[in-house]
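J.: Take this structure, written in structure tokens, and hold onto it; I'll ask about it next.
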Amino acid sequence: MKVGSKELEASKVRVIVDKDPVATSFEKWAQPGHFSRTLAKGPKTTTWIWNLHADAHDFDSQTSSLEDISRKIFSAHFGQLAIIFLWVSQAYFHGARFSNYSAWLLNPTSIKPSAQVVWPVVGQEILNGDVGGGFSGVQITSGVFQMWRASGITNETELYWTAMGGLMMSALMVFAGWFHYHKAAPKLEWFQNVESMMNHHLAGLLGLGCLSWSGHQIHISLPINKLLDAGVAPQEIPLPHELLFNQDLMAQLYPSFKKGLLPFFTLNWGEYSDFLTFKGGLNPITGSLWLSDTAHHHLALAVLFIFAGHMYRTNWGIGHSMKEILEAHKGPLTGEGHKGLYEILTTSWHAQLAINLAMMGSLSIIVAHHMYAMPPYPYIAVDYPTQLSLFTHHMWIGGFCVCGAAAHGAIFMVRDYSPVQSYNNLLDRVLRHRDAIISHLNWVCIFLGTHSFGLYIHNDTMRALGRPQDMFSDKAIQLQPIFAKWVQSLHTLAPGNTAPNSLATASYAFGGDVVAVNGKIAMMPIQLGTADFLVHHIHAFTIHVTVLILLKGVLFARSSRLIPDKANLGFRFPCDGPGRGGTCQVSAWDHIFLGLFWMYNCISVVIFHFSWKMQSDVWGTISEKGKITHITGGNFANSALTINGWLRDFLWSQASQVIQSYGSALSAYGIIFLGAHFIWAFSLMFLFSGRGYWQELIESVVWAHNKLKLAPAIQPRALSITQGRAVGLAHYLLGGIGTTWSFFLARIISVG
């Protein structure tokens, strides 16, 4: 039989999915714990419900097939995307249905954004404050109005249709999650094809994502924002499709549109500089980055990422191989280098996740700092509550992601790490000198803690004794942050040399002019002094302690001098028996548990520093004659020198708004402030708990029930040590975040 060329082609095509691998059935939904033999038997004691929650998403414990685990994670990602689209959709829907967006668009400096109206039940309509323009609602601080203005949305109808689009995408994601698990599930080799994944993610997700956003900015956002900035009423602005297809209309705003694509193909790209700019600084009308700069930025990124998406070797014999890159990565002092990492990263999703969480966490923290230094959306810089909320939000997200990175790094060490596979590579070498790493980190923490705290204690003592001349301050013994000031001056002067065509510095935080919108300061040079030097070293201290705890958890996850067989005990275990000088709280899980408290300390100091510094030295008003008045009148430099100053002039002084909020539109923050304190205090009951005490108490309560012939069928058990810690930690963080949130918002909405 002769095989035709088509048949030959067909035989070459690899099948990378399994058809109908898992039947669709709702019967399992009715069997709690169906994924585990032990749990499927049903509850004998109250511990069952805890284990059910702990293990429901722990796919590793449900099957040993990496392919099945990969499919479950892949499918769950579609579920996650469905929820994200639903969440985005509701944000747009509230903007369309319950907001004062149109009024805000006409007067963004004196009308406050609101997209939430409370129903008149039990008198809670008091929360609908007067936000201006005859609208009553809850003032929102998410920055969505500013983002919608930047993307060229001019009315509520457009928001409504975008919300519908989000809803449809959400439904599509639910379908995709079902389809790729039950109908056409990818094989393991598809998940492990990293070169193809890198190419598609870089060129597709990032490259085409940036390109399409850049295209949207150029064709829709830029013309609409130019007209809005010129004072044209939103209802008179052409609709997006008119701008897209009517070249003459665009040419009136950006003359280079007349020339079409000719300059592009003749390489006269400079012709397009009317809408692809490199100005630097901020737009004085909106107090935000120039939209033509950000369009240019996204276009450049798109080119970069599309190039990057053609780097890896797939079907044609050109490009990089990830395995070869990693194995070639050797130095004279690093043994086998990165040999073995390819195998780790293609078989351990925990290792992948750990790296991605560390990167995303760091990125979120970088975003937090860029959001105020280089405000991206129109009028966002003069909306102080939004600026404070977004900074705080991105710092918290970053902190949680970094702790998650350590958690999954440790799970990888316990469940997926193979010492044989990693002989003498960098990972192995790090593990072998972990004692040196951890003891050095410990020394750094002791040094930073003693000295940074010591400077404050000195200042408190001197101020208490009435000896201000002996304090560390800008007026007495100066500890100026000379390196930070040098970096500031460098950035202020740099554009003249490195980007001669730009009009201003990248950020006015470094130096330059005061940018104000309608007399309200958007950004200005941030002066640094002794008070910043002191709190900076507290930041260094808390970051290093967090890293010490998390890194120790990862490096000692498998074994330690105290417990050499830790890997056999698993990721979380309460203790390993008595008699060795304490073996409780040594599991990798416990390190994450302890690390999260220090992360909380760390982020709290950062957001307190930011909140006070901005109110003291940046946010405020500027008169026509140029006189600047800050919200707290520049008191940071003198008050933040002592612990007493932080307590008195920041925490206590600025808490007056939240404490006195009852009976006003801010009263919800007053109640949350109180309730979150209670939740925080409730956590201590679990954190200082004695398990035996509770078990003993439960026995008495059960005895009483038995006496009354009311014996429960499910035997009550005290929480295990680990469960108690988990409950305590959750309430500690929830209470702490709720307290901070209500304190910040009541304060800044009142004075901002």
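Each Cβ is built from the backbone N, Cα and C atoms, and glycine gets one as well.
Swiss-Prot lists these features:
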type	residues	note
BINDING	Cys575, Cys584	[4Fe-4S] cluster binding site
BINDING	His677	chlorophyll a' binding site
BINDING	Met685, Tyr693	chlorophyll a binding site
BINDING	Trp694	phylloquinone binding site
TRANSMEM	73-96	transmembrane segment
TRANSMEM	159-182	transmembrane segment
TRANSMEM	198-222	transmembrane segment
TRANSMEM	294-312	transmembrane segment
TRANSMEM	349-372	transmembrane segment
TRANSMEM	388-414	transmembrane segment
TRANSMEM	436-458	transmembrane segment
TRANSMEM	533-551	transmembrane segment
TRANSMEM	591-612	transmembrane segment
TRANSMEM	666-688	transmembrane segment
TRANSMEM	726-746	transmembrane segment
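What does the local environment look like for each feature on the list?
T.: Mapped onto three states, the DSSP output places Cys575 ([4Fe-4S] cluster binding site) in coil.
The Cβ of His677 (chlorophyll a' binding site) has 15 neighbouring Cβ atoms from other residues within 10 Å, across all protein chains displayed. For the recorded site, His677 (chlorophyll a' binding site), the DSSP three-state label reads helix.
Listed in sequence order, the residues of the same chain lying 6 or more apart from Met685 (chlorophyll a binding site) and placing their CB within less than 8 Å of its CB are Gly728.
All chains included, 16 other C-beta atoms sit within 10 angstroms of the C-beta of Trp694 (phylloquinone binding site).
Under 8 Å from some Cβ of the transmembrane segment (73-96) lie the Cβ atoms of residues 57, 59, 115-116, 142, 144-145, 148, 156-157, 159-160, 162-167, 169-171, 173-174, 176-178, 180-181, 186, 191, 349, all in the same chain and six or more residues away from its ends.
If you look at the transmembrane segment (159-182), the same-chain residues 6 or more away from its ends with a CB under 8 A from one of its CBs are 20-24, 71-72, 74-79, 81-83, 85-86, 88-90, 92-93, 95-97, 99, 101, 148, 153.
Nonlocal intrachain contacts for the transmembrane segment (198-222), taken as residues 6+ away from its ends with a CB within less than 8 angstroms of a stretch CB, comprise 150-152, 240, 243-244, 250, 253-254, 275-276, 291-292, 294-295, 298-299, 301-302, 304-306, 308-312, 314, 322.
Sequence-distant neighbours of the transmembrane segment (294-312) (same chain, 6+ residues past either end, Cβ-Cβ under 8 Å): 194-196, 198-204, 206-208, 210-211, 213-214, 217-218, 221-222, 275-278, 319-322, 376.
Counting only same-chain residues 6+ beyond the ends of the transmembrane segment (436-458), those with a CB under 8 A from a CB of the stretch are 430, 471-472, 479, 534, 537-538, 540-541, 544-545, 547-548, 551-552, 555-556, 641-643.
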J.: Can you tell me which parts of the same chain pack against the transmembrane segment (388-414), counting only residues 6+ beyond its ends and a CB-CB cutoff under 8 A?
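T.: Same-chain residues near the transmembrane segment (388-414) but 6 or more away: 141-143, 344, 348, 350-351, 353-358, 360-365, 367-369, 371-372, 546, 550-551, 553-554, 557-558, 566-567, 570-571, 588-589, 591-592, 595-596, 599-600, 602-603, 606-607, 610-611, 614, 737, 740-741, 744-745, 748, 752.
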J.: Which entry in the list of binding-site residues, Cys575, Cys584, Tyr693, has its Cβ near the fewest other Cβ atoms, using 10 Å as the limit?
T.: Tyr693
J.: Could you tell me what the rest of the chain brings near the transmembrane segment (533-551), counting residues at least six beyond its ends with Cβ under 8 Å?
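T.: For the transmembrane segment (533-551), the list is 402-403, 405-406, 437-438, 441-442, 444-445, 448-449, 451-453, 455-456, 459, 472, 479-481, 484, 591-592, 594-595, 598-599, 601-602, 605-606, 609, 640-641.
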J.: At the level of the C-alpha atoms, what whole-angstrom distance separates Tyr693 (chlorophyll a binding site) and His677 (chlorophyll a' binding site)?
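T.: On Cα coordinates alone, these residues lie 25 Å apart.
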J.: Taking only the Cα atoms, work out how far His677 (chlorophyll a' binding site) lies from Cys575 ([4Fe-4S] cluster binding site), in Å, as a whole number.
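T.: Cα to Cα, His677 (chlorophyll a' binding site) and Cys575 ([4Fe-4S] cluster binding site) are separated by 31 Å.
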J.: Under a three-state reduction of DSSP output, how is Cys584 ([4Fe-4S] cluster binding site) classified: helix, strand, or coil?
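T.: Assignment for Cys584 ([4Fe-4S] cluster binding site) reads coil.
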J.: Rounded to the nearest Å, what's the C-alpha distance separating Trp694 (phylloquinone binding site) and Cys575 ([4Fe-4S] cluster binding site)? Just drop the number here, would you?
T.: 18
